[in-house]
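Participant: I'd like to ask some things about the structure below.
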Amino acid sequence: MTAQTTTASGAAFAGVLQRQGAAVVLVLGIAAAWFAFPHFGSADNLRNLVLQGSFLAVIALGMTFVIISGGIDLSVGSNYALGGVLAAYGAQYGLVVAILLPLAVCSLIGFVNGLLIARTGMAPFIVTLASLLFARGLLLALTAEGATTYKVDPGSAFLWLGQGTIFGIGVPVYLTLVLFALGGLLLRRTRFGQSVFAIGGAEQSAVLMGLPVARTKISLYTLSGALAGVAGILTAAYLQSGVTVIGVGTELDAISVVVIGGTLLTGGAGTIIGTLVGVLLRTLIQNVINQIGTLDSNYQTVVSGAFLLVVVVIQRLLARSRTR
Amino acid sequence: REETPAAPSNGGGPAASAQSAAPSADGCTLEKTGYPKVDLKTAVVGFSQSEKEANPFRITETQSIRDEAAKLGIASDKLLVTNAQSDLNRQISDIKSMLDRGAQLLVVAPLNSDGLQPALDAAKAKKVPVVTIDRKVTSQPCTDYLTFIGSNFVEQGQRAAQAMAKATGGTGKVAILLGSSGNNVTTDRTKGFKDELAKTPGLTVVAEQTGEFDRSKGQSVMEQLIQSHPDITAVYAENDEMGVGAVNALKTAGKSPGKDVKIVSIDGTRNAVQLIVDGSYNAVIESNPRFGPLAFQTLQKFENGEPIPASIVISDDQYDESNAAQKVGNSYK
Amino acid sequence: MTATTEVLTAPVLEVAGVTKRFPGTLALDDVSFTLAPGEVHALVGENGAGKSTLIKVLTGVYQPDEGELRHLGEPVTFKRPIDAQRAGISTIYQEVNLVPLMSIAGNVFLGREPRTKAGLVDWGRMYADARELLKGYGIDDDVKRPLHTLGVGAQQMVALARAVSTDAKVVIMDEPTSSLEPREVETLFEVLNRLHSEGIAIVYVSHRMDELYRVCDSVTVLRDGRVVHSGPLKPLPRIELVSLMLGREIRQIREEGVTAFGEEHDVEREPLLKAENLAGMRKLHDVSVSIRPGEVVGLAGLLGSGRSETARAIVGAFPLDGGSVLLAGKPLKRGRIKAAMRAGIALLAEDRKTDGIIPNLSVRENIVLAALPSLSPFGLVSKAKQDRIVKIFMERLRIKAASPEQKVSELSGGNQQKVLLARWLATGPKILLLDEPTRGIDVGAKAEVQALIDELAQEGLGVLLISSELEELIDGSDRVVVLRDGSVAGELTGDRITEENVLTAIAAESTGGDNDVHRHP
Amino acid sequence: MSTATLERAKVTAWLQNYGVYLAVVVLLLFNVAFTENFLSAANFRTQLVQAAPVCIVALGMALVIGTEGIDLSVGSVMAIAAALIPLYLGAGPLTAIVVAVIAGVVSGLFSGYLVAYLGIQPIIATLALLVGGRGLALVIAHGQLVQLHNHDFLQLGTGDVLGVPIMVIVAGVLAVLAGLVVQRTTFGRHLVAIGGNRPASTLAGLPVKRVLVSVYVISGALAAIAGVLATSRLGASDPSDVGLLMELSAITAVVVGGTPLTGGRVRVLGTVFGALLMQLVQATLIKHNLPDSTAQMVQAAIIVVAVYVARERSSR
Ligand SMILES: Nc1ncnc2c1ncn2[C@@H]1O[C@H](COP(=O)(O)OP(=O)(O)OP(=O)(O)O)[C@@H](O)[C@H]1O
Ligand SMILES: Nc1ncnc2c1ncn2[C@@H]1O[C@H](COP(=O)(O)OP(=O)(O)OP(=O)(O)O)[C@@H](O)[C@H]1O
Ligand SMILES: [Mg+2]
Ligand SMILES: [Mg+2]
């Protein structure tokens, strides 16, 4: 009996490691950085770290839902940039427009993604690749081929969303946490969330079990679009302007943090909290690279690539040892 | 993709540190800002680079900062260097992180003219002067940042148009190879060029397509344009790389660049200037990336209490048939 | 079950003159079918007769090309499965259709999770309800575990529990027993009884005659997409039913017992394959099996006793911690499926959907897949050689397909099974491991497959037969090895192979907790 | 009525199979009618030469996608190949090319190993190389573009044989080879089987891991070849820009060409035409001098329409 319990707890431990592999790496990484770099643990640095991560986190939240459903959304980067431009543009007409305009447009793009994917059976990869182009094209059209940058009036209340702080910590961080909490609730505690898992796990079965597959997919991509829009709004408020050059390649960042967080790209399994950990890990790595300071910028990308690989390989090996 | 098409841009001035600081009566002084005085020799200096050092401009720029710091005797652990890998949020975070690590003076090569406000605010809060190089930010000089050192992109475009008028003799059909969309450098160089070109009625723009500051894209686009507009007699490329790409395309199509089709571009890289010498190129408006000496000089003056003008615009050099052979050594690679 | 009393109410479900075409196939041809309230209605026919297609028309998966669907007398169109479910029609499809990565409880309540007042999913209640519900189906595993950790049979029970617990007025079951154990079948019948007494109408598809006569009131026979008979079942002699299904004269159908196995084989030689002390992954503890050339060895056991794992372990598809497999005295390298295959061992896996067919590929390509290297000199595919093989096996196994180029996923379940059997026979194996080879195969074809097994054994092949149908196992095997909880619990030879003996060996000492093997700590 | 639905099914099936070819023809006709100076040998030559690298990469991508995988690393592999060329050009063009292709093979081995033996999902395994690979190329090249002067090497990109550009010949030969591999070899049939159902293929005794690794190796090698050709055409090794976003172009070509991302099917000719279609679209947009914004939106629309027509019901 005792022998059994030990193996049982051993297996459970391996299970925790696998599911929380990224979290373990994160904790170890933070600890190491804390000791190695004198400035790492400073309040300013930590504040900076979480604030920087919050924009990507919001995008990755939507991506998590999409990936759990077995899909992928490549349009988030462009959509994010578009959201930022629209928010800055809308800020001329007041706070409400600054928030609702980008939300509406980005959600609409997500909605169309979802519609095409759910109703025509086209592959998400290619549909969202097309809307990546579309959203970027729209952004350029709105800004005279990128020549116009809309500025937010420095006195605008809108700026608080990006630049305000509560207890010294940036407003975007709080908003991100709130969104993640809601996201967790949505994924774990609603029928919608259960449908998402079911669609990702076995779409055909989900159809036969009478789940509203098409509707769920459409909602998912709309959600992802909307969250990219939210990230755009926060960024516009943070940067005080609708910067046209952001968001290039952000979709790949979002996908990698979601995967680092332990969500299966094949769908059917994943966690919101894992994504948060993934975002923090990525930010941590960038911060550490800065702290080291001597790394040639070309080496930095080699290191990021290698790091991504190491985390994924470790996770994979842990997962294997668990099923053994 | 984190490799945004490199935008070897701007900045400028003839080689080394020659400058023509626009003199200004009441510049920004240490007193005015109320910043503490620091000694450049012992201070912690931060340099935030915007993009990977993967093109001549960025390589030379970063190297120039490092070299000058070494020359001034700044210890290597006192010079903090970060690279934002073309990610604006990351550049803000980089700057904040350097401030956090005790940077007392900052040199920033902004990724974009807009959007660095949070980083500048952080520097202001810590009373750290910021010199922006190569690209101007749209914030308030002296309050948000100390000064901008670099060239005027609009003016570069204008001068390219003048060079074009000279090379073509004032008549011709012009194709423009634009830089990356959404980039301020592209916007300014296009605006300057077109406005100035309007003064020469004989020159008309027949096509403008983006070559994304990239040689191979420039080449591909040019190949297409040669087919659809065989009457093109001049090409304005918004950086040298695209210009060189256009030369390749023209050669492959059996035309002789520099003669049948005139080529003018901006940057001043060795490859382009050498092509002028070889006779396949017509003019290059220079953008000099060697900001190191000037940046540190400016900071030194500021700490000395001297007034610093809001922007230090460098009079760009220019290469054409008349001087390329002598000056090719000034170009950078 | 007693025949329903004449009720004057409208039929719960009715199709009139339904036609359904697929490219190259007329799957349903002017089919009419009526389901009276409270009756258990058998739907029978050969493989590919159109049973599953009819069911999918009833449940909104397919739209009929012609004809009408009526629910309680009212014409309806079910655009999607959910429409049918809303109308109180609940279905268990032929292939298990659940979400493997999701918890057992999650699967049972998917789409109708119990909610708290705040509208959030109430996990506590859901787990409790699921536990309670599943007890009635013989599943007392931890309902929080992912579904895929259950065996196929148990998954089928979960699907059943799900279907029945939806307050359905009609329950449709497409071959529910094909992956069930005798004991589970009993559980299923208990459930059926209960539903019946509650006045719920049931459509029941099965190829097992005994079951049909046990549970069904009426029958509709489909042949080649057409209804050839419809009426009460009990008055219809079994032989006549078979004759209706196959479309052959009664005379032609020899009624020689339920299976087509012949006499015992010559089994005196040395074992060709010896698997010794196999152990691994808490599923197998100590299993030793040997197979002689020309011998059919039956593997008996309860669900989860490790039969499939034993077969998989022999070919190297199941990770082992201990034990060895010897072929003709030479040890096989562990975990190398290809090596085992090259040595002449073939495994027909249990789950044809996930482990068998390559859905995108044609029937031809599926058949030649495993034999491809031997048919392809220098790695270049020879179509002529393929065609010969394909022709032989399509004829021999009577595979019903529009052409060899038809996608295998478009075949009926039973025909897919035959394609897989053909795949393995085409490799010319010395040892054939058959995990539920006749699952989902119709009576006619089943007899053929059984005769084939017999014939192969005569030719000197060693066969390991795993079957949930005891009759098949008992009639077909020269020797039966009984597994319990991943260990050999007994071995029966010759006359000792009787249903009673096998059941005794299976059940001995399994006083409760025999599902423990399912449980991962 | 039902005959009508059958007719429609036939039309759909026809479009599914021949949609790309039709689209290419339509676009050609459009250009002949509305684009100045379109009908000239030089113009067709330009289009074919420009399409060649994408086409070559897309062939490898199609094989990878056939196994239900994806290879995001192709652009970076091109960059690595480009970075290596100037280092070995001194030893002759052949050596340089061989070294570059070996680098592609090694990258492929690396991704293939991660996918086949460690079971890491293709998109993420190759994403790591996409991120790190270009960095590596830049490290090799010290971030510098290097002008090349070796005449023989430059011939690859600019020369021709019997009036056909060498690049086009290479792409054509590779396409024919790819077609033969897929249709006529056991390797090709194994590949689609693995993409169709991997566990079943494993149980059928197919050399699953070996096939997977080989597929990534082929993709890597083809990407390297494309990198060599692009470098030669440019007359310079430009690791920072060569092959940028190539993964997306190649995937688009493959999918537009009718190969589903769900694996189990490879359409080689479709892929070639997919690459041609995207090339023609771009050419048309440039020749009509549309601004970047419009060009991107039009491309998006064309991709959606082309894939809609060629789609098979699939979930991803
Ligand atoms: N999606 C499809 N596309 C093309 N043909 C199909 C499709 N589904 C079924 N068919 C064909 O329709 C016919 C009837 O198939 P169905 O699955 O209904 O048979 P079944 O009676 O359920 O057989 P089994 O007992 O083997 O399950 C078969 O010939 C089959 O090949
Ligand atoms: N780790 C595993 N990997 C792959 N397949 C597994 C694994 N564990 C169980 N299975 C599969 O689950 C199915 C059912 O296993 P179970 O424990 O019920 O064995 P069984 O005695 O063969 O029972 P039955 O075949 O009657 O369902 C088998 O097909 C088995 O191969
Ligand atoms: Mg069926
Ligand atoms: Mg089994």
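Quick reminder: no glycine exception, Cβ is built from N, Cα and C everywhere.
All annotation found in TrEMBL is predicted automatically rather than curated by experts.
If you look up TrEMBL, you'll see D:18-35, D:47-65, D:72-89, D:95-116, D:123-141, D:161-182, D:211-230, D:242-261, D:268-287, D:293-310 marked as transmembrane segment.
Tell me about the surroundings of these features in the structure.
Facilitator: Tertiary neighbourhood of the transmembrane segment (D:18-35): same-chain residues 256-258, 270, 273-274, 276-277, 280-281, 283-284, 287-288, 306, 309-310, selected by CB-CB distance under 8 Å and a gap of 6+ residues from either end.
Within the same chain, residues 69, 71, 73, 76-77, 80-82, 84-89, 122, 125-126, 129, 133, 153, 208-210, 212-225, 227-228 sit at least 6 positions outside the transmembrane segment (D:95-116) and bring their C-beta atoms closer than 8 Å to a C-beta of that stretch.
Long-range contacts of the transmembrane segment (D:123-141) within the same chain, counting only residues at least 6 positions beyond its ends with a Cβ under 8 Å from a Cβ of the stretch, are 70-73, 75-77, 79-80, 82-84, 86-87, 107, 110-111, 114-115, 237, 239-240, 247.
Long-range contacts of the transmembrane segment (D:161-182) within the same chain, counting only residues at least 6 positions beyond its ends with a Cβ under 8 Å from a Cβ of the stretch, are 45, 48-49, 51-53, 55-56, 59, 62-63, 66, 155, 188, 191-192, 222, 225, 229, 233, 266, 268-269, 271-272.
Tertiary proximity for the transmembrane segment (D:242-261) is limited to same-chain residues at least six positions away from its ends with a CB under 8 Å from its CB atoms, namely 16-17, 19-20, 53-55, 57-58, 60-62, 65-66, 70-79, 82, 130, 223, 226-227, 230-231, 234, 267, 269-275, 277-278, 303, 306-307, 310-312, 314, 316.
Sequence-distant contacts of the transmembrane segment (D:293-310) (same chain, at least 6 residues past either end, Cβ-Cβ under 8 Å): 15-16, 19-20, 23, 252, 255-258, 270, 274, 277-278, 281-282, 285-286.
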Participant: Examine the transmembrane segment (D:211-230) against the transmembrane segment (D:268-287) and state whether at least 3 Cβ pairs sit under 8 A, considering only residue pairs 6 or more apart.
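Facilitator: These two segments do not touch.
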Participant: For the transmembrane segment (D:47-65), find every same-chain residue at least 6 residues outside the stretch whose CB is under 8 Å from a CB in it, and list them.
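Facilitator: Distant contacts of the transmembrane segment (D:47-65): 71, 74, 78, 122, 165, 167-168, 170-171, 174-175, 178, 181-182, 191, 195, 215-216, 218-223, 225-226, 229-230, 233, 243, 246-247, 249-251, 253-255, 257, 259-261, 263, 266-268, 271-272, 274-276, 278-280, 283.
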Participant: Cβ under 8 Å, sequence separation of at least 6 from the ends of the transmembrane segment (D:268-287): give me the contacting residues as numbers and ranges.
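Facilitator: For the transmembrane segment (D:268-287), the nonlocal Cβ contacts are 20-21, 23-24, 27-28, 30-31, 35-36, 38, 46-47, 50-51, 54-55, 58-59, 61-62, 171, 175, 178-179, 182, 249-250, 252-259, 294-295, 298-299, 302, 306, 310.
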